[in-house]
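Structure first, commentary second.
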Amino acid sequence: ACQGYMRKCGRDKPPCCKKLECSKTWRWCVWNPWE
């Protein structure tokens with residue numbers, strides 16, 4: 001299952017939900033305003 005907003009993400013964790021992406025700096029699922 002994917003993770004929602006403000007959830008931990010990364011190489012060893014589940015992917016973020018649709019419309020979200022993993023922040024490369026803080027390793028959280030964040031909104032992607034460009035998509």
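Yeah, the Cβs are placed from backbone N, Cα and C, and that goes for glycine too.
Per Swiss-Prot, the features are as follows:
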- Cys2-Cys17: disulfide bond (DISULFID)
- Cys9-Cys22: disulfide bond (DISULFID)
- Cys16-Cys29: disulfide bond (DISULFID)
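The two recorded residues, Cys9 (disulfide bond) and Cys17 (disulfide bond), show a Cα separation of 10 Å. Each of the disulfide-bonded residues Cys2, Cys9, Cys16 was scored by how many other Cβ atoms lie within 10 Å of its Cβ, and the smallest score goes to Cys2.
One residue stands out among the disulfide-bonded residues Cys17, Cys22, Cys29 for having the most other Cβ atoms within 10 Å of its Cβ: Cys29. In this structure, the C-alpha atom of Cys16 (disulfide bond) lies 5 angstrom from that of Cys2 (disulfide bond). Reduced to three states, the DSSP call for Cys16 (disulfide bond) is strand. In this structure, the C-alpha atom of Cys22 (disulfide bond) lies 11 angstrom from that of Cys2 (disulfide bond). Here the C-alpha separation of Cys17 (disulfide bond) and Cys29 (disulfide bond) works out to 8 Å. With respect to their backbone Cα atoms, Cys29 (disulfide bond) and Cys2 (disulfide bond) stand 10 Å from each other.
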